[in-house]
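Engineer: In case it helps, TrEMBL gives these features for our protein:
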REGION    1-30  region 'Disordered'
COMPBIAS  15-25  compositional bias 'Basic and acidic residues'
TRANSMEM  191-211  transmembrane segment
TRANSMEM  223-244  transmembrane segment
TRANSMEM  264-297  transmembrane segment
Amino acid sequence: GDVAAAGSQGPVRGARSERPARESARAGGPQLIVIPTHKAPRGWARAEPAMAYHQGYGGQGSKHRGRGPLVPPAPDPHQLFDDTSAGFPHAQGTPGSGIDMGFNTLLADPMANVAVAYGSSIASQGKDIVHKEIHRFMSVNRLKYFFAVDTAYVTKKLALLLFPYAHQNWEVRYSRDTPLTPRQDINAPDLYIPSMAFITYILLAGIALGLQQRFSPEVLGMCASTAFVWVVIEVLALLLSLYLVTVQSDLTAFDLLAYSGYKYVGMILAVLGGLLFGSDGYYVALAWTSCALMYFLARSLRMKLHPSLVPDGMGHPRGAGRGQTYVTLGAAACQPLIVYWLTFHLVR
């Protein structure tokens, strides 16, 4: 009953309040003293419920109190993984540090520095050699020379290709050991007319195949590739012939490509003659253009080729004039055969 009477008076406001203790002592019965919990450290919650002690345990105002177990703080609901970094010692180094130290040690070696410098010098020399060879065969300035044309030159050159018999001077003119550009010299070879004639021939071949109901992209592509491959084969054959007969000349691969490409002009006229006048017109145009092309090439290559003089066993110079003649006549004689091979299937 005393316990209930004490509980009805409400909770104790302080641990050191002496008034309730004196009243319970005067009553002469055992009393309970309620001690509130102290505030736990920040971040941790102590389960310290209010404990009741007997009056005789520890005497009046005993400071003995019960302590519950430590409860860890509630985990963050937004955290995906637990933080376990505190349970492991920090790494003393990373694997990359050892690699860096080994690389620095390698570079610090004098022999390694010499090897690196030697390799760099070899790479630079190889690069210079490659650029020199590329500029030798594919020089941009050289290509600009072959395309330095104008309208007057193109008109005169086309007339020369179709009517070469009245032309007298076939020599290429020079200025300070440098040949004049095609716009300044009609005898200079160019690549503008062969390239434009090649494109015109492909377009005309497409028209001819379309009129015969035989047009298809594959057939037109085969026609273009065949015409280009034949010109490349002809240029390679001329270069090999000049090398075998030991003929010294000023001819380059671009010069031979220009002279071989002039046949496209005759091929265009032959196909046009066949489309407009049938097979008779085709053969007449083929004969005229073939004869004109052979005469043009024979006179042009004759002025470009110079036989090399090689002393024989008797001490007399032995000229390679016959080799020059063979190369010139062979290149001229092949033109009608190639023109016929590339155009006869377009006319029916």
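The backbone N, Cα and C atoms fix where each Cβ goes, and this holds for glycine too.
Keep in mind that this is a model prediction, so the values were computed, not measured.
Explain the structural surroundings of these features, please.
Structural biologist: Here the transmembrane segment (191-211) has Cβ contacts under 8 Å with residues 143, 146-147, 149, 154, 157-158, 161, 182, 219-220, 223-224, 227-228, 254, 257-258, 260-262, 264-265, 267-268, 271-272, 274-275, 346-347 of the same chain, all six or more residues outside its ends.
Counting same-chain residues at least six beyond the ends of the transmembrane segment (223-244), those with a Cβ under 8 angstroms from any Cβ of the stretch are 198, 201-202, 205, 209, 251, 253, 256-257, 260-261, 263-264, 267, 305, 326-327, 330-331, 334, 338, 341-342.
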Engineer: Grab the same-chain neighbours of the transmembrane segment (264-297) for me: Cβ-Cβ under 8 Å, and only residues 6 or more beyond its ends, written as numbers and ranges.
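Structural biologist: Beyond its ends, the transmembrane segment (264-297) has Cβ neighbours at 158, 160-165, 193-194, 197-198, 200-201, 204-205, 207-208, 211, 227, 328, 331-333, 335-336, 339-340, 342-343, 346-348.
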